[in-house]
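Trainee: Pulled from Swiss-Prot, these are the listed features:
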| type | residues | note |
| --- | --- | --- |
| CARBOHYD | 397 | N-linked glycosylation site |
| REPEAT | 84-114 | repeat 'ANK 1' |
| REPEAT | 202-231 | repeat 'ANK 4' |
| REPEAT | 235-276 | repeat 'ANK 5' |
| MOTIF | 580-584 | motif 'Selectivity filter' |
| TOPO_DOM | 1-366 | topological domain 'Cytoplasmic' |
| TOPO_DOM | 388-424 | topological domain 'Extracellular' |
| TOPO_DOM | 448-462 | topological domain 'Cytoplasmic' |
| TOPO_DOM | 483-488 | topological domain 'Extracellular' |
| TOPO_DOM | 509-528 | topological domain 'Cytoplasmic' |
| TOPO_DOM | 552-564 | topological domain 'Extracellular' |
| TOPO_DOM | 585-595 | topological domain 'Extracellular' |
| TOPO_DOM | 617-767 | topological domain 'Cytoplasmic' |
């Protein structure tokens, strides 16, 4: 027993001694009382305090979850390197030291299956550092390492094949596949999840890894060895879904085509129609994510060119998954309900733009105008019913000199007697029926979209949905109070009037001039004004308390604005909004601190905070003004989808052409005539001429590099250019002509060559 070992307790090295006992006898750990919680420091706590401590610990863990996750990830990476340096086998695999590996593997005490801090084997490390020779030695000595996955929470399930694929080590991939590596292994660690703090999302299978890094050779190898192109990860995403989410759009389109070339066999459904867990196909996911490149690439597969007549082209576009008719989760509805701004750019793409324009002009705008007119008549009817509500002279005597009430509400038996009352009753019934219809229309959408999405989406008119639902409830509350002869019906009636008339602004979205302004008002109220109210509340609370303390010892008859604390708060609020001036009686002596406090309040409230609010609103106006066309298109789509969903099919026929009548199957199509600019064809011819000149120019440079540039460029045989002038206009024209030439020769700007014509000073080249 060591000198520091407590008597009666086992030493730390006594592995055969059971916990709670000692070699010389039995030692029992003291048990806490049944009605208390045991603290780790050794004393007992009451059960209630133990529960509070447990809840506090859970709250702390929840609050620091993200920071602790990042810190844990950093610590594990450092521990991984430390573990590699401590293990000769892992270090030899990292440094590709084949001789050391052979010696270690021949040693009987060497554990070939030893793992590092991440649960990785030596083969994982060799694959991570692209050490093919070391990996071959390890696979020869222990072939079962090929099937070993990593076991840490971060990289759980990752095999050496995953690492070789993502590093695009083709030779190592071939070696692993030759030794039976599983092509269906799934990497399910937290690093591979689709989360904001993860930099990459490549799915879980080796095939999706290969497709995302753009290795065509590895993709073919994996498919030839039995990789399932229809495999889905934990989110239900196939490899096509995962390609949609990649930032590199160019090779994503190439991999998309390559994978589709392997789709076929006995499957009845195309790989492009396989949905994920959210019910989104790759095409819909491209629209929701705002991936314009992939969306246009997929639309090229869906279009059928009928004929071309000079600059005119007639094209049939397949409306499957785009049109909201007959699809509960169409692309149009997904775009207007998503929170990503990039998705709204899809609304300006063909054929979505043409489909929305057709629906809006043919059905949406007329029905929306009729609906707006009906609502205005309805709210006028409700207003008249409120204005002429049943009142009678007051019967009771006044008991308070401040009470100036002359009329009071009639009882239910007295409210409907005269012909005027009957006319008002008709209007009240119309108001109640309208409120019930509003709730029947709005409540199903709340359950379908969810409360957060339905009331929080500005494009869907979220705040207006809150207004109209609250209005309907206020009307029903007013009805209940009228039927029960309850006093105070003026409260819900007043709220209903304000909310009902404010909802008229919702119908401004039907006009391009007024629609964006409704969004501007929403953003100012729920963005700028809400933040400003927090600052205003702090300032008012501070200065109201100061004013109350200053006038606390004064005569309230002389200085009545601050005689109690609630009145001080209200008076300070009026001062803040400059409704009243300094509410002080200057005929008497005022406290010295009043002048100082009021001067500071005037500077902070009037000069600083009100101008801050104006600046914030101006910034919001500037941002919304730059998006007004895009926002209005989104409003039109949201309104069109809403009307199409609510109206019966007989009032809203399906748009487009049914393919069944023309031998195109059961799909619906939209015919679009497009006129191509002939200047593009001219620019292409110029581009070809310039390309030939560049080839000749490069050949001349190789023959004689000592000649001058003007002598080496044989432009005269092809194009004649004006002699450069020193004037500003000629110099500018020459500069833009050179930009045109450079833009025409770039491979990645075909079709958008005119972007090269923009001048730095805002001048545009005219063709």
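Every residue, even glycine, has its Cβ placed from backbone N, Cα and C.
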Trainee: In terms of Cβ proximity under 8 Å, which residues at least six beyond the ends of the repeat 'ANK 1' (84-114) contact it?
Mentor: 121-123, 125-126, 128-129, 131, 133-135, 137-138, 141-142, 145, 148
Trainee: List the helix, strand and coil residue totals of the repeat 'ANK 5' (235-276) as derived from DSSP.
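Mentor: Helix, strand, coil within the repeat 'ANK 5' (235-276): 22 helix, 0 strand, 20 coil.
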Trainee: If you count Cβ atoms within 10 Å of the Cβ of residue 397 (N-linked glycosylation site), leaving out that atom itself, what do you get?
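Mentor: For residue 397 (N-linked glycosylation site), the 10 Å Cβ neighbour count is 6.
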Trainee: Which residues, given as numbers and ranges, are at least 6 beyond the ends of the topological domain 'Extracellular' (483-488) yet have a Cβ under 8 Å from it?
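Mentor: Tertiary neighbours of the topological domain 'Extracellular' (483-488) are 409, 411-412.
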Trainee: Would you mind splitting the topological domain 'Extracellular' (483-488) into helix, strand and coil residue counts from DSSP?
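Mentor: Taking the topological domain 'Extracellular' (483-488) as a whole: 1 helix, 0 strand, 5 coil.
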Trainee: By Cβ distance under 8 Å, which residues at least 6 away from the ends of the topological domain 'Cytoplasmic' (509-528) in the same chain are close to it?
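Mentor: Sequence-remote neighbours of the topological domain 'Cytoplasmic' (509-528) are 365, 368-369, 372, 458-459, 461-464, 613, 616-617, 620-621, 624-625, 627-628, 631-632, 635-636, 639.
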Trainee: Same chain, outside the topological domain 'Extracellular' (388-424) by at least 6, Cβ under 8 Å from its Cβ: which residues?
Mentor: 482-483, 485, 487, 489, 493
Trainee: For the repeat 'ANK 1' (84-114), what are the DSSP-based totals of helix, strand and coil residues?
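Mentor: Going through the repeat 'ANK 1' (84-114) residue by residue, I get 19 helix, 0 strand, 12 coil.
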